[in-house]
Every structure is written in structure tokens, then in C-alpha cells.
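Engineer: Would you mind keeping the following structure in view while I ask a few things?
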């Protein structure tokens with residue numbers, strides 16, 4: 001492939017590692033663990049992988065002869081910067097433990113395992129992708145891996161290739177499936193270990209043991225650069241309000257982090273909206289009031305950051321979406337027979353009275369998007385809902401009403417943006433390059449230790465890399481029971497913005513000042529070379545959360 005000058009320079013970057021991942025490693029097992037909630041139900045579903053101990057690595061173990069081990073790897077779900085470095089770290093540690101070990105990448109996500117499509121990942125292949133963005137080394141996919149017939153189809157190719165361990169790199173849903181697969185293979189004594197690695201730019205796969213998911217650092221910095229560019233333009237022209245929607249279907253971590261980096265005039269946090277039982281009109285009124293106050297100070301411009309999943313956090317909308325999800329999952333075949341022109345009336349007649357009235361009141365585009373095709377996990381595809389345009393239009397309408405009443409004499413012109421794909425395959429920051437490489441090395445060590453049902457984990461990530469701690473976390477420890485597609489299922493719990501956490505508190509303390517003044521920060525592009533405080537610094541979220549731990 002053709003390479004840019006920066007690409008060539010990044011290929012030679014050697015990721016940093018803590019001492020616990022260098023040389024001989026000692027495995028330290030902690031106490032038995034239990035699920036975050038619904039303990040009895042989770043224990044019953046995962047009898048062979050429940051209650052496993054936490055694992056930490058320490059330097060100074062005895063050098064051991066390891067047999068050659070063939071390993072498979074899958075990239076699952078949406079892309080996130082750093083996935084290639086997870087594979088590179090996995091490969092390098094495998095070869096260090098035994099040069100005769102082999103790594104196979106299943107193509108286009110779980111489908112590659114099920115359909116027996118793969119490629120061997122040699123040093124020549126992997127060296128082309130070190131420190132690069134994207135998942136194009138082997139591709140990714142969103143197929144759910146949760147059925148016994150899929151597990152058996154995968155087992156055929158695993159046995160054919162003499163693969164003893166499978167690494168699944170993905171988000172909470174993908175690692176939930178990895179946990180189910182680990183339990184299934186253990187239940188039939190298949191001799192296949194399953195290890196997970198935490199990936200999602202949304203930042204919603206984290207807990208006390210998993211401090212961050214890879215890709216979040218890079219994506220937040222990419223979006224923050226773009227927001228900073230827009231804010232500089234905004235402060236130069238001084239005639240537009242920019243409504244900017246950011247990735248984050250289930251949580252507002254990206255929006256919050258970008259706000260901390262760029263100081264917008266308004267930052268909507270979905271979790272705050274839900275906690276205060278706000279309605280859509282409450283959010284619109286808050287934005288409009290800020291527009292009025294800035295206009296009175298001679299500032300007919302500003303920026304609004306909006307999380308992708310806001311609609312799902314509005315309590316009334318949440319109830320509507322829940323009923324829609326359950327109804328459509330149970331009546332999918334019948335719904336598909338309804339003409340598109342008649343679908344809205346059909347849905348309205350099937351909903352409860354309260355939800356029917358709300359659904360009928362929605363703009364045509366939003367109502368249509370709520371019943372559009374679901375993702376493979378049965379969820380409304382909220383990224384298709386143009387929340388940024390909806391809020392901009394509703395704010396304009398409210399301001400027009402206020403103007404007629406004499407409450408607003410300013411100007412209000414809007415531009416809308418959605419930053420999503422721009423950050424998914426960016427060249428990983430130094431933080432993500434280091435973090436992902438360490439995750440891959442940790443996954444390989446867990447395999448060598450004979451573990452299954454674990455997720456590779458790195459702690460102390462707000463500190464310099466030399467102080468990071470590596471290990472493994474039982475995936476059942478993160479599980480709870482949730483309703484999915486109308487049924488209660490075990491899933492890894494998503495991490496929402498903590499309303500008592502330091503990152504949110506920092507926003508809350510500054511948001512009024514940001515709203516009434518113009519204190520934009522312009523982060524600029526990700527830096528790969530130069531002083532460590534410029535190139536290697538973690539996110540504001542990680543640094544602030546360090547105070548909570």
C-alpha cells in the first residue's frame with residue numbers, strides 16, 4: 001500500500017510498556033469474584049466461568065518453556081483506533097513465548113469464524129499495520145456470536161487450524177458474546193480458551209477494573225480538534241450557532257470529554273437529562289435561554305455539544321423506545337408486511353395511549369427513524385436520528401415565538417454537524433498505541449497461563465506507562481441481567497457518566513461561565529512527537545477520575 005510520510009514514521013514507533021509486561025512475568029491470583037448484580041442468575045448461566053479470581057502480573061517470574069500455540073483473533077463491532085496494535089502486541093508476546101506459535105485472523109468479524117474465512121498473520125503482515133488506525137488488517141463485523149450452531153461452526157475451523165485460544169476484540173456486546181462462548185467451550189471440554197479485549201470509542205465499557213476502553217482517547221482528541229476548529233471559526237464570523245452531535249449512543253463520555261477539552265457554550269449530558277426527568281422541551285428551553293442571554297451581551301453565536309443517544313435518555317422517549325423495541329421484536333414479520341406509508345398509523349394504533357400520543361407528536365422524520373431497521377442487537381439506531389437538527393429547529397421555533405412576545409431581539413442562524421466516522425479509524429494517539437499494545441501482550445500472557453473467560457486489563461492508566469499495571473478480569477464479574485429484544489439476557493453492564501464523578505463535577509462548575517462568555521479552547525491535532533505532556537497525556541476524564549479512585 002502507498003504510505004504517507006507520517007505513516008512511515010509511525011511504523012517505527014515502539015510502544016511503551018510497564019515492567020510487568022517485560023521479561024518473565026509472575027501470575028498473581030486474587031480472591032474469587034462475583035457479578036456486579038443479579039449474582040445468582042449469572043452464576044447459574046455461567047457455572048464454569050463464574051467466580052474466577054482477578055489476575056495481576058508482576059515482573060520477576062521464572063522463565064518457562066511454553067509449547068507452540070495457535071491463536072485466532074476477531075475484530076468485532078465498530079472500528080476504534082488501536083485495534084491493529086492489540087493484534088501486534090498479541091503476536092509479539094506469542095512469538096516471544098514460543099517462536100513456533102501461529103496467529104490467525106478471522107475475516108470481517110465473527111462471520112469469519114462461522115464461515116471459515118481467515119488469513120494467517122505473519123510478521124510481514126503485521127509490520128504493515130503497526131500503530132495505524134482502522135481494522136483493515138482483517139476487517140470487522142457486527143454479527144452476534146451467541147448461538148450454539150455458530151459456536152459449533154467456529155469449533156470446526158478452530159480444530160482444523162489447531163487453534164487453542166481465541167481473542168475477541170470488541171465492546172460490551174462483543175465481550176458479552178465472548179463470555180458466552182468461553183462458557184460454552186468449557187461446558188463441552190472443547191479445549192479452546194476465549195479472551196476478550198475492551199474496545200469502544202464511546203467509552204461505555206469501563207468499571208473499577210477496566211479504566212478505559214481503547215479508541216476513546218484518540219476519538220475524543222480527533223473530535224476535540226474539529227470542535228476547536230469550528231469554535232475558532234464561530235468566534236471569527238460571530239454569526240452562527242453550531243449544533244454538534246458526537247458519538248455515544250448509550251453514554252455521554254465522548255461529549256463530556258470533548259467539552260472539558262474545548263469549553264463549548266452548551267454541553268448536554270444525557271445522564272443529567274434522565275436524572276432530572278427533563279422533557280425535550282426542557283432541553284430546548286435551556287438552549288434558547290442561553291441563546292437569549294448571549295444575544296443580550298451582543299454575542300449571536302455559540303456552540304452546543306449533543307450526545308448521539310440523547311433521545312433515548314429523555315424519560316418519555318425512553319418509555320416509547322422501550323415499548324417500540326419490545327413490540328417490533330415480537331411482531332417483526334407482521335410489521336414488514338405493512339406499507340411504508342401506513343407504518344406510522346399502524347404503530348400508533350399498537351402503542352399504549354401515552355406513548356401513542358408522544359409518537360404522534362414527533363416530527364415525521366424522527367417518527368420514521370424510530371421504526372427504521374434495528375442494529376443486530378435489536379436496538380434503535382439512534383445515530384440515524386438527526387438530534388442536532390431536531391434541537392436546532394425546535395430552538396429556532398421557540399425563539400421565533402419569544403421574538404413575537406418581545407422576549408428575543410437577536411439573530412439566530414444555525415449550522416449542524418455530526419462527528420462519528422471521523423474518529424473511528426484515526427491514527428491512534430501515543431496513549432492508544434501504548435495501551436492497545438499492552439492489552440495484546442496481556443491477552444497473550446493470559447493464554448499462556450491457561451486462562452479462559454477473562455478480559456485483558458491495564459490499570460493506573462492516568463499515570464506514566466512505567467507505572468501501569470497489567471492483568472486479567474473475569475468477564476462474568478461485569479455481568480448483569482438486562483432486557484434485550486423482549487427477553488432477559490446476561491450482558492456486560494454499560495458504564496454511564498457518573499453524576500457524582502469528578503469529570504461531571506468539573507463540567508457543572510464551569511458550564512455557566514462557558515455559557516455567558518467565550519472561553520473556547522483550541523486543542524489542535526493529535527501530536528505524536530515532542531514533549532511527553534503534549535504527546536502522551538491521557539484524557540481529561542482519566543486524569544479527573546484518578547481522584548475518584
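Backbone N, Cα and C define each Cβ position, glycine as well.
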Engineer: Look at the substrate binding annotation in Swiss-Prot, where 200, 201, 202, 239, 240, 247, 248, 249, 421, 422, 423, 424 are given, and name the residue from 128, 308, 354, 482 listed for that site too.
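Structural biologist: It is 308, as the record lists it for that site.
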Engineer: Looking at the binding-site residues 78, 172, 240, 248, 422, 424, which ones sit with their CA no more than 10 Å from the CA of residue 199 (site 'Important for catalytic activity')?
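Structural biologist: Cα within 10 Å of residue 199 (site 'Important for catalytic activity'): 78, 172.
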Engineer: Please tell me which one of the binding-site residues listed here (202, 240, 422, 424) sits closest to residue 78 (diphosphate binding site), measuring Cα to Cα?
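Structural biologist: Sorting the binding-site residues by distance from residue 78 (diphosphate binding site), the top entry is 424.
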Engineer: Helix, strand or coil for residue 172 (Mg(2+) binding site)? Use DSSP.
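Structural biologist: Note: residue 172 (Mg(2+) binding site) is helical by DSSP.
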Engineer: Give me the Cα-Cα distance between residue 200 (substrate binding site) and residue 172 (Mg(2+) binding site), rounded to a whole Å.
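Structural biologist: Per the Cα atoms, residue 200 (substrate binding site) and residue 172 (Mg(2+) binding site) stand 8 Å apart.
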Engineer: Same chain only, sequence gap of 6 or more: which residues have a CB within under 8 Å of the CB of residue 248 (substrate binding site)?
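Structural biologist: Once residues fewer than 6 apart are set aside, residue 248 (substrate binding site) is near 202, 203, 204, 254, 255, 270, 307, 308, 309.
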Engineer: Quick one: give me the count of other CB atoms within 10 A of the CB of residue 199 (site 'Important for catalytic activity').
Structural biologist: 31
